[in-house]
Amino acid sequence: MSLRIVVTVKYVPDATGDRHFADDLTVDRDDVDGLLSELDEYAVEQALQISENSDDDVEITVLTVGPEDAKDALRKALSMGADKAIHVEDDDIHGTDAIGTSLVLAKAIEKAGYDLVISGMASTDGTMGVVPALLAERLGVPQVTLLSEVSVEDGTVKGRRDGDAASENLEASLPAVVSVTDQSGEARYPSFKGIMAAKKKPVESWDLSDLDIEAEEVGLAGAYTTVDNAAERPARTAGTIVKDEGEGGKQLAEFLAGQKFI
Amino acid sequence: MAEVLVYVDHVDGAVRKPTLELLTLARRIGEPVAVALGNGAADTAAALAEHGAVKVLTHEASEYADYLVVPKVDALQAAVEAVSPAAVLVPSSAEGKEIAARLALRLGSGIITDAVDLEAGDEGPVATQSVFAASFTTKSRVSKGTPVITVKPNSAAVEAAPAAGAVEALSVTFSEKATGTKVTGRTPRESTGRPELTEAAIVVSGGRGVNGAENFAIIEALADSLGAAVGASRAAVDAGWYPHTNQVGQTGKSVSPQLYIASGISGAIQHRAGMQTSKTIVAINKDAEAPIFDLVDYGVVGDLFDVVPALTEEIKTRKG
């Protein structure tokens, strides 16, 4: 038996940098350093753990859609231990929204061949968290998402989804789409050996024509949503700051009473 | 007037507050038609009518509890086909966003998630979103198909607006994929008796400075004196001091209460992403240089173990 895992990853602007919008109201990816979205590291980690705990022959492919620099995200995932990578890159993809991104990813996943897709819970830039559900809908396979625990055995994926009202145990047959949360387990750091090995691992490049996608289906023109404007949030007006010299609690209560909270 | 579908989040018939907020927003766009599914669906009607639902479409079936997400997508799709609404509004919970996304794809529609405000526009509803850890505000609209929009809790006031709320049975045929992901077990969360974190008017959070699970008792005591929910920073959750369900920040809950009190929280970007849109922000921290003080309306530089209990005592005294 073999198990083919495709891990979807995103190259995002560093959240600790000064993120902003470009003139066309897309996320500016030039002025802020990019990196593998932190939340996708958990997806790579779970793929590696599934592989390590399996008697099957497991192959892990990392897949990204993005500009040239997005290769850095693939390289990081390969250095953590993934086997190979696919980079979908095409100028016409610029400005694609979540619906369009899910189309490109789904076509690429089908072309690559898969038994299990693993995604992070959301990207750290768009933060929508809807791509895994969209992939399941497009691929026509079960959605087993937002898992804090995941395991695969005998063609079945099981996991625990911690919701607001309850914690649920889920189960589905492969093929399936899984997403994992940041509670699923700390992602490993690439070892020096892993970093060296990653340089020799294959990275395939595909464009839209490889996936039979027309340019009009993606990009800003193909988007299903339009951003009309983006404004920097006005800085909060400087507040009152006091040093506690025994009366800090009382002073704070006074402020809260003045604001009618007490 | 055009109809607007509102997906009802309820627990055995008890409607949760964010759904009532959606009705307020739906009335700005058209006539709200609510869709309530699963056990107790019909029991939601009174509360929904009270807040403006002209109609309540209901369907009860065990599939909604036994299988993940897809049965609800099937039902909402059936409701869209029955009503041809001007828009579909869904509460922005983790599940709500997944339902909305799959529905949008089936309808050939665009989706906007995590709106914090919604108004009618010439080219359809305009959604306001807070992005990049709430450092930017965007206005967007769906440009293809029936707009599907998820809205965050606390984005609008709950308003009484009595309407007919006529209950109608929704006819639903489940798709082949509806039973793909089985829910094999469910452990309800133990109630703390405190308000839901994302819905609370006041949130009191503790961070690294709380320095131990046992010390969260003083955060809880302050929260209880104000009738508030308790939150925690990622540092406190990662240290195992407080449950992940209470985490405020990028990978936890995003909250927007009237009052947010941060105790022993430095205010890293991950945390700010989850609380920056709070109306009034108060912080207590030993470090005068902590970035959280850049956000506050009122800050106390001091030891939270002195300031928080003193504040709690003072509140209790004032409230008598």
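Even glycines carry a Cβ here, placed using N, Cα and C.
The annotation FAD binding site is assigned in TrEMBL to B:Arg208, B:233-234, B:247-251, B:264-271, B:Asn285. The domain 'Electron transfer flavoprotein alpha/beta-subunit N-terminal' feature in TrEMBL is assigned to B:4-183.
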Near chain A by Cβ (under 8 Å): which of the binding-site residues B:Arg208, B:Gln247, B:Gln250, B:Ile265, B:His271?
B:Gln250
Using a 10 angstroms cut-off on Cβ to Cβ distances, just flag whichever of B:Arg208, B:His271 is the loneliest among these binding-site residues.
B:Arg208
Going by a 10 angstroms cut-off between Cβ atoms, which of the binding-site residues B:Gln247, B:Gln250 has the sparsest surroundings?
B:Gln250
What are the sequence-distant neighbours of B:Ile265 (FAD binding site), meaning same chain, six or more residues apart, C-beta distance under 8 angstroms?
B:Ser205, B:Gly206, B:Gly207, B:Arg208, B:Gly209, B:Ser233, B:His271, B:Ala283, B:Asn285, B:Ala290, B:Ile292
B:Ala268 (FAD binding site): tally of other CB atoms within 10 A of its CB:
21
Secondary structure at B:Gln247 (FAD binding site) (DSSP, helix/strand/coil)?
strand
So what's the mean pLDDT when you look at the domain 'Electron transfer flavoprotein alpha/beta-subunit N-terminal' (B:4-183)?
96
